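Below is one structure, written out as structure tokens; the observations come after it.
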């Protein structure tokens with residue numbers, strides 16, 4: 001477990017710098033890149049830290065697997081627990097809940113600072129980690145857990161620490177943005193765009209965590225916790241993915257001068273009973289002129305609205321080995337300096353303890369796409385239903401469905417003898433619960449043959 | 001000098017939090033806003049800091065002047081020196097070199113952390129301040145000195161501390177961006193756009209520091225120092241302002257699908273004798289599709305290219321009382337926490353000590369606008385001159401100048417009998433010194449009647 005890599009021990013400054021023992025947990029894409037950068041930039045990092053990083057071990061599950069040239073085989077160990085107890089600084093890149101959580105807690109108990117990119121763990125059980133860091137007086141840093149290389153955690157918890165963040169709205173999942181962007185550019189279906197994303201390495205073989213919005217929701221919970229000084233867990237985040245977004249939705253959005261993006265939104269919600277907060281993830285239509293609309297491929301971007309600062313936007317690569325490693329190393333340098341100079345950095349706090357607003361109490365503007373009977377009075381009845389529930393229509397677009405004009409042989413067309421039509425409606429802001437009630441009515445009335453889509457409209 | 005403001009002493013947490021004595025130097029737009037936010041957000045800040053901020057005094061030049069409701073008259077003092085000696089944390093918002101520098105040094109000597117927005121002082125004599133902070137073991141923070149509310153200093157010196165920044169290119173002066181944006185939108189001349197900016201408060205009565213690029217150059221020197229761990233002073237930054245940008249240039253840029261922006265560029269320049277750096281400010285043409293091209297009005301935005309992180313962009317309000325105060329307070333909270341928990345934050349370093357490349361050794365693409373004699377052979381001669389100096393033409397655009405077709409009575413038209421034409425040339429990347437030599441030739445040849453504009457092309 002001693003340092004086998006002479007380059008890391010060499011001290012070109014001749015200053016006899018102190019050394020920090022670093023343990024790396026996990027040697028996947030990000031771990032390998034972190035090790036590569038520590039080796040390549042050893043002298044630079046030493047100057048910036050005022051001390052040298054000595055990698056004392058890399059914990060992996062399988063010693064036999066080839067890790068490439070940047071991972072010294074002599075550093076590999078399967079005994080992660082023994083490793084973290086010897087470290088001054090632990091870089092956790094294994095992902096998942098266990099054993100990552102136990103190892104992080106063990107590391108902090110032994111006085112090590114921890115840098116992690118583990119958004120799933122932070123979203124599910126961040127409170128345990130924050131409290132342990134506080135109790136043991138060590139730094140817990142996780143810039144890489146949200147939006148990859150984009151500095152976001154540090155700006156939110158430090159740069160804006162004297163301000164009041166009202167709202168954050170962003171694209172924080174590259175896979176889904178790649179898919180939606182490809183659908184918009186090429187007219188591809190969701191399935192085809194997903195297949196392409198998988199071929200190109202933008203989506204995993206099991207894309208569930210991305211396309212169902214879970215990854216974006218985990219990040220939303222971390223951002224909401226930081227921004228509002230409250231505990232927001234993954235389970236508190238309303239989450240809808242993009243699997244039901246159709247190429248028809250994308251085309252309809254374009255006709256309306258809008259673009260569909262998977263948004264993570266966290267915001268303060270004023271109310272009579274005091275201020276509450278909301279954290280939610282869903283695909284939404286935004287104006288094509290909105291800066292988030294031009295975020296293409298797998299890029300990420302986040303808008304922040306703060307009381308004094310006004311509007312801020314951060315843009316960059318949200319995933320990938322090198323960008324994530326950049327964020328990890330920024331945390332490593334900062335934590336290492338803190339460690340050598342004494343003291344710890346800013347802490348999470350949850351003093352505000354703001355409550356979450358249930359989705360049904362929020363107000364949104366909607367786009368609703370319906371298949372209806374094509375006969376007189378249908379529009380009036382639909383408009384009446386919306387109106388009865390306090391929902392005001394902004395625009396309405398009707399189109400005869402050509403493939404329903406001449407029903408295929410043997411298929412019993414709904415509303416026989418009348419044909420069917422498509423109606424696209426956009427509404428002004430209305431209560432979510434009102435829209436739910438309207439959709440219930442639509443599902444039980446014979447004039448509505450089907451509800452194809454319900455999407456929210458944001459950023460206007 | 002005791003706290004006259006009961007709201008700040010009130011401890012709703014009941015935790016008996018420690019108190020930090022804060023001195024504010026200057027009560028202008030930013031100072032007033034800082035004081036307002038400290039009062040308004042006192043409880044929030046106390047939670048975030050783990051201690052209370054007690055403003056023990058506000059140093060001003062003129063006690064008699066009315067400061068509005070947010071500045072407690074009992075806190076005002078003309079004895080700034082006595083004030084800083086009693087403070088734990090000094091917020092310097094006076095601007096200018098002296099007495100700001102002496103007061104900051106005095107504060108640090110007495111153990112106070114310092115937060116400043118003074119870009120002019122940092123650009124001219126940052127080294128003295130950084131060294132004093134290091135010597136006395138106190139924090140020196142200056143997020144508000146570059147790009148107002150946009151977190152930029154902290155991301156560069158902390159988030160990207162484990163990465164290698166190759167280049168930063170940005171719009172960091174709101175006044176000049178407002179003027180250029182207005183010229184492009186309305187076709188106004190520079191003088192008219194400046195007058196409008198002054199009426200609306202976007203430009204000062206004496207706009208020199210902005211329109212001549214000095215403000216942008218000061219920010220470039222700060223960013224270059226941070227990004228490249230080298231000492232870059234204001235005098236090291238090549239600086240050209242926007243006063244010579246004409247409405248014809250703006251129109252020509254638009255015809256070429258480009259936009260003119262005042263850019264601050266700092267970058268690493270590889271070379272045989274080792275790596276050097278460049279820091280420069282000039283108006284340049286960028287593609288209208290470039291993200292910086294859509295930065296309108298007085299907004300700021302900065303692009304960063306880093307080895308591992310890839311491309312990042314930061315966007316927001318670069319000036320104004322509230323946005324600047326937001327950045328100041330972020331620094332205040334962070335410094336206050338450091339102070340209470342022990343330790344100091346990241347330090348500036350200049351270990352890399354990279355040399356500056358003289359402008360003439362750089363390579364740029366150019367747009368050159370000439371008035372020439374309208375006769376056969378002129379184009380060939382101009383192209384030959386460029387070619388002889390190793391400059392390769394990308395596009396060339398010739399236009400007969402109608403007002404020269406019929407010379408006004410009494411005016412002796414150049415190139416009598418031939419008329420004159422306008423030529424707009426864009427070049428591939430060429431040595432700055434070669435372009436200087438070409439312009440020398442043009443100034444001495446009779447076929448060139450005048451050089452109207454020389455602008456660089458960036459971002460392609």
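Yeah, the Cβs are placed from backbone N, Cα and C, and that goes for glycine too.
The active site, proton donor annotation in TrEMBL covers A:219. Among the features that TrEMBL reports, NADP(+) binding site is placed at A:25, A:26, A:27, A:28, A:29, A:30, A:31, A:32. Marked as NADPH binding site by TrEMBL: A:119. Sequence annotations record features per position, and here TrEMBL assigns L-homoserine binding site to A:204. Look at TrEMBL and you will find A:367-456 tagged as domain 'ACT'.
Projection of TrEMBL feature records onto the structure.
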| residue | record | Cβ within 10 Å |
| --- | --- | --- |
| A:25 | NADP(+) binding site | 27 |
| A:26 | NADP(+) binding site | 23 |
| A:27 | NADP(+) binding site | 24 |
| A:28 | NADP(+) binding site | 13 |
| A:29 | NADP(+) binding site | 15 |
| A:30 | NADP(+) binding site | 25 |
| A:32 | NADP(+) binding site | 21 |
| A:119 | NADPH binding site | 25 |
| A:204 | L-homoserine binding site | 13 |
| A:219 | active site, proton donor | 28 |
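Same-chain residues that are not part of A:25, A:26, A:27, A:28, A:29, A:30, A:31, A:32 yet have a Cβ within 8 Å of the Cβ center of the NADP(+) site turn out to be A:24, A:33, A:34, A:93, A:94. Considering only the binding-site residues A:25, A:27, A:30, A:31, A:32, the residue listed as 'active site, proton donor' has A:30 as its nearest partner by CA-CA distance. For residue A:31 (NADP(+) binding site), the same-chain residues that are 6 or more apart in sequence and have a Cβ closer than 8 Å to its Cβ are A:24, A:25, A:58, A:71, A:91, A:93. Candidate binding-site residues: A:27, A:28, A:32, A:119. Nearest to residue A:204 (L-homoserine binding site) by Cα distance: A:28. For the pair residue A:30 (NADP(+) binding site) and the residue listed as 'NADPH binding site', the C-alpha distance works out to 14 angstrom. Between the alpha carbons (Cα) of residue A:26 (NADP(+) binding site) and residue A:119 (NADPH binding site) lies a span of roughly 15 Å. Looking at the residue listed as 'NADPH binding site' and residue A:28 (NADP(+) binding site), their Cα atoms lie 16 Å from each other. Taken residue by residue with DSSP, residue A:219 (active site, proton donor) is part of a helix.
DSSP gives residue A:31 (NADP(+) binding site) a helix state. Per-residue confidence over the domain 'ACT' (A:367-456) averages 84 (mean pLDDT, predicted model).
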